[in-house]
Amino acid sequence: MTLMTKLSSAVAALALTAGAAVAEPALIFDLGGKFDKSFNEAAFNGAKRWSEEAGESFREIELQSEAQREQALRRFAENGNNPIVMTGFAFGNVLSEVAPDYPDTKFAIIDMVVDAPNVRSVVFNEHEGSYLVGMMAAMASESGTVGFIGGMDIPLIRKFACGYAQGVKAVNPDATVVANMTGTTPAAWNDPVKGSELTKAQISQGADVVYAAAGGTGVGVLQTAADEGILSIGVDSNQNYLHPGKVLTSMMKRVDNAVYDAMKAGTDLETGINVMGIANGGIGYALDEYNASLVSAEMQAAVDEASAKIASGELTVHDYMSDDSCPALSF
Amino acid sequence: MDKMPGWADAVLVPLISLILAAILSALVIIGIGEDPIAAFNLMVDGALMRSSGWGYTLYYATNFIFTGLAVAVAFHARLFNIGGEGQAMIGGLGVALACLYIPWPNWYVALLGATVSAAIFGALWALIPAYLQAKRGSHIVITTIMFNFIAAALLNYVLVNLLRPQGAMDPATAKFPEATHLPTFQDMFSTATAPMFRGAPANVTFFLALLACVFVWVLIWRTRLGYEIRAFGHSESAAKYAGISPVKITIVAMLISGALAGMMALNTTMGEAERLVMNATEGAGFIGIAVALMGRSHPLGVLLAALLFGFLYQGGAELALWTNIPRELIVVIQALVILFTGALDNMVRMPLEKLFLARRRKA
Amino acid sequence: MTTAVAPETDIVPTTVAPAIELKGISKAFGPVQANKNISISVKPGTIHGIIGENGAGKSTLMSILYGFYKADRGEIFIHGKKTDIPDSQAAIRAGIGMVFQHFKLVPNFTVLENVILGAEDGPLLRSSLNKARGVLKQLAAEYELHVDPDAIVENLSVGHQQRVEILKALYRQADILILDEPTGVLTPAEADHLFRILDNLRSEGKTIILITHKLREIMKSTDTVSVMRRGEMTATVKTSETSPERLAEMMVGRKVLLHVEKQPASPKDPVLEIENLRLVDDKGVERLKGISLNVRAGEILGIAGVAGNGQSELLEVLGGYADATGTVRVNGQSIDLTGKHSDGQSRRARGIAHVPEDRHREGLIMPFTAWENTIFGYHRDPKIQSGPLMNNAAIKAEAAAKMERFDVRPPNPKLAARNFSGGNQQKIVLAREIERNPDILLVGQPTRGVDIGAIEFIHQQIVRLRDEGKAILLVSVELDEIFSLSDRIAVMFDGQIMGERLPSETNEKELGLLMAGITDTANAAMPASPMAMTETELQEAAEAEPTSDAEAVPSATEAETAAESPDQEQAAAEEVPPPEPSPAGEDEPVEEFSTAPVSAPDGIPSIDTGSIASLSASIPMSAPSAPPPPTKTEDPEEGDKNG
């Protein structure tokens, strides 16, 4: 008897909170987890910034399994959360199925194009940003050998690597790019120990600048690079602060901006494809007090020039994913 | 002279273990400042009080039934098959190949074909450790664990380099053709007026899992092969005396075990994702060990334990959705259940046995 | 209880305080009353035997005395002083030492290290070791307890390991020594040595409690003996005032037929022919060194020998689960000894049934139900299949019938095999193997761990099968059993047949020498008593009986048949309380014992109620990877030295 009353009152309480949650935006993190110091965390920071500015709350979930993707989407949609933002290309398939069922709900997906009237697809030209940091790496390198450490070996990361290699070669055609992937399973996104080992291996091959595009694994890369006295390049968020004076720059993929924009737009979210590149400030490199001493005026000038050329269309960086091949690097 | 009645062994011991796990979990939840009763209600509400919740619970349960049965069959031959994960991955490859490259006319023929393919792929993946155990004495625990890694690497290679459609980011195959899409519970039970199991991934393979339970029961307790498997499992020396070949039983039991694990992929790959993704198994192969332990390697026990774990998974997802309990803690709660029902079984059993003995003495 | 002997309480003179006195000890495990109101008192400087069947409560009682269990009721007095023994440390302080059936030694420690383990004087071992070395030396001289203090325990023979256990107890200044089934794992010579050690200990004033199920050992070595049955102490008597028959009766609660009744064999053609059988085990040790034997239809060939001399391997080869070279013919056709067609299934198809030595490890699947076990090995028989499934209903019905015919108790086919007593387990195995009507029956240790009542039945069944014209190969380490069942005896030693004898033309002394590998039996200078089983009186009796044995056998058998028939009826109807034993009933076996040692040397088949665990331990232990001779030569030598 008491159990039943307790149960019903709890359910009522639940309904109450659920009711209050209407029109809250929701954010779904991919399997990497919220605090990966990289991609997912950038998304979280964007949401947090919006939340603080607007003084409103948002729902969030860290996924545990593949089947939860659809579940989270539907449960949030049914709960009235709007818009629903998700990070990661892995949601693509699911979203294309779920979105039509909830025509009144707006969805935003990052890193993937989903063709539906109520979906905003945010994609980034990571190859362009990687090109810029590649140029900086080549200029900063004294040995003529630079490194790249990717996370899981997937086309997206090869896109990073390919853009980076092109940038390096543009500055120094004779430079060597050592590229390694951390692994072939999703665990590769969160393996700082392996990242550290790979960094040491690349140092032994002569690399004196390494670029980590590896999610949580990159933390280990940056740490080891700092410990071993070489330069590193962060990714996604601005990671310069992690090791002041040791991180050359960070390839900024403004996922936070994308999430912030989506949440700020709220139910009026504009749908369609939203390409974030150098031209619209969605991609860039980080320059702040932590790396000011590392970036010379000459370096900055060269990069800014290339940046302008890319923005204007004068310079095209090859996108690995357009044809699954890379002119500057073989995998 | 059994120490306590059968029902106490089969029901009371797991029940008390569960309650202990629940109490400890509640303390953990209180520890992070949440309300354990509300959390439990949330889990029950999300997993059992609505049809879509059941749809998820049964979907997870289907996975665990297959992997639990796989572990159980091997257990009967005293083989500890930790390789359910890898066998399910390779089984998934079998499903994908069958679905992608054979033009099936409709879903039930496709299901039949994919089942055979998944079972063969899973069984073959178990064959190598089985052979190494039977002929070379390499411990099956070690080899099956290693084969999990090999399976992951192989699957990754195949997905990234061979089966991934041009330009796709995911290490995943293309979507399976329409004809191979399995009816979900939504398709089967929804009517125009009353939508049921909306969006839930539970599908027709759940019934296949139930059939597998019956199959395993008949196999183990009603056939000659099952008799030999059990005899070998209880005493290898006696099996030799009776002329039961240890090599044969080791290999056959592992083949059946691998086939069952492989069939788990039908649910995730053909039933849910409708394409093969890298991470399709999601640790169900390991949960299968806990399920088999808790289910005492009996198909009915496996079914019930699989439902429980299905509930925990779905309930855990609900907690993640609506509370601030971090997902690591949800894993902790699931782990507590495994710990209490599997590893710490004797902690409950022994005092209970004493209690029953004391009661009987008084009587 | 209808036992004639009332507990005698006044054996211990009241002037001396008893070394141990138990008063009203009771202990229950759940519904099982393991000890009921037990009182004994043991005079210092004596050897007191405690005898009883498996599960009679002997070990429980001793565990209470050693502090492993706490008695529900009752008091313990040590040297007249009431003593609480809550744990084994307290027992040691009270001067009690225990030698377990399964030794509690660290195998890879030296003897010295084992002796001081738990009794070290300080954190540094050196001084303790030195002290122990001195003590050991002294003990060795005093009690014939010779062991190399620096030897690693696992390299010692079982007999020596046991001495280490005794040394451990003595080092802790025990003056009351409890030995639990001490001879279960020993070779006869080792057992003999042990009893000499016990004698020495007694003469030094130590009190010894000997727990055993072997009547002979009780008769031979103890001063007083207590009999336990179903948790109760049924009698305490002076050994000199009782007889094996009376002890057996008190153990079982009824009169027991202590010998096998059988007609002379009428053997026909050889059914099983073995030629030059050789087997090399995994470690490269040759276990069978060219065995050649024939077993004829209608005869029982007994293989005698100390455990670990290749008998087990012989059974394994014939049973189809060990590969060997040589020739084995069944009914004139040779069978495969290696490869695909050499397994238990093909042997059964050729008419070879096998009651294995170790029913726990081989003969039965302990967690399986009785009905499942009644088809074990024959489960591929198409008759018990229905379609792809097994016809469980038919198997169960057949199992119930078999259990009825073989008097398995309780007659419940659904009970797991492990829930039956040893004797009933053995009956299940026997029923399974005999009822298949085999041409050849291989029987290993048929009565090991079997209670006296079941021994009669099992022996009768084996003889019945012989009388039906089957060939029977019997392997037993119990010489009595070999003598009482066999029509021919072959002695195995170190993987070889040392000789074949007719039971009527040999005696235990000769067989004992053959079992020790001495073939020149006529001229062998043998130590006083090489075999523990060989009682001095028995030898005398055997030697003092040079008359034609051939005549003695039938006459003795006739006498038995006539005299024992009432007993046989009782055996058949167990529920009927046995009548008061008449004085004639007591005298008669004694008479038989003196006149016909050949058919049943002292009228007692060895009553082995020891646990099966001890025997599985004994096989590997008494068969170390090195061939047996070293231990064999060592012990007689020591016997000489000490005798």
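Any Cβ shown, glycine's included, is placed from N, Cα and C.
Features of the protein shown, as given by TrEMBL:
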- B:12-33: transmembrane segment (TRANSMEM)
- B:53-75: transmembrane segment (TRANSMEM)
- B:87-104: transmembrane segment (TRANSMEM)
- B:110-128: transmembrane segment (TRANSMEM)
- B:140-160: transmembrane segment (TRANSMEM)
- B:200-220: transmembrane segment (TRANSMEM)
- B:241-264: transmembrane segment (TRANSMEM)
- B:302-323: transmembrane segment (TRANSMEM)
- B:329-352: transmembrane segment (TRANSMEM)
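Among the stretches B:12-33, B:53-75, B:140-160, B:302-323, the one making the largest number of Cβ pairs under 8 Å with the transmembrane segment (B:241-264) is B:53-75. Counting Cβ pairs under 8 Å to the transmembrane segment (B:140-160), the stretch among B:53-75, B:87-104, B:110-128, B:200-220 with the most such contacts is B:87-104. Tertiary neighbourhood of the transmembrane segment (B:87-104): same-chain residues 66-67, 70, 81, 110, 113-114, 116-126, 147-148, 151-152, 154-155, 158, 163, 173-174, 176-177, 179-180, 257-258, 261-266, 268-270, 275-276, 280-281, 284-285, selected by CB-CB distance under 8 Å and a gap of 6+ residues from either end. Only residues 6 or more beyond the boundaries of the transmembrane segment (B:200-220), in the same chain, are considered here, and those with a CB under 8 A from a CB of the stretch are 51-59, 61-62, 65-66, 69, 72-73, 76, 111, 115, 182-186, 188, 226, 229-230, 256, 260, 263, 266-267, 270-272, 298-300, 302-303, 306. Here the transmembrane segment (B:302-323) has Cβ contacts under 8 Å with residues 14, 18, 34, 38-39, 42-48, 53, 56-65, 68-69, 72, 209-210, 213, 216, 287, 290-292, 294-295, 330-331, 333-334, 337, 341 of the same chain, all six or more residues outside its ends.
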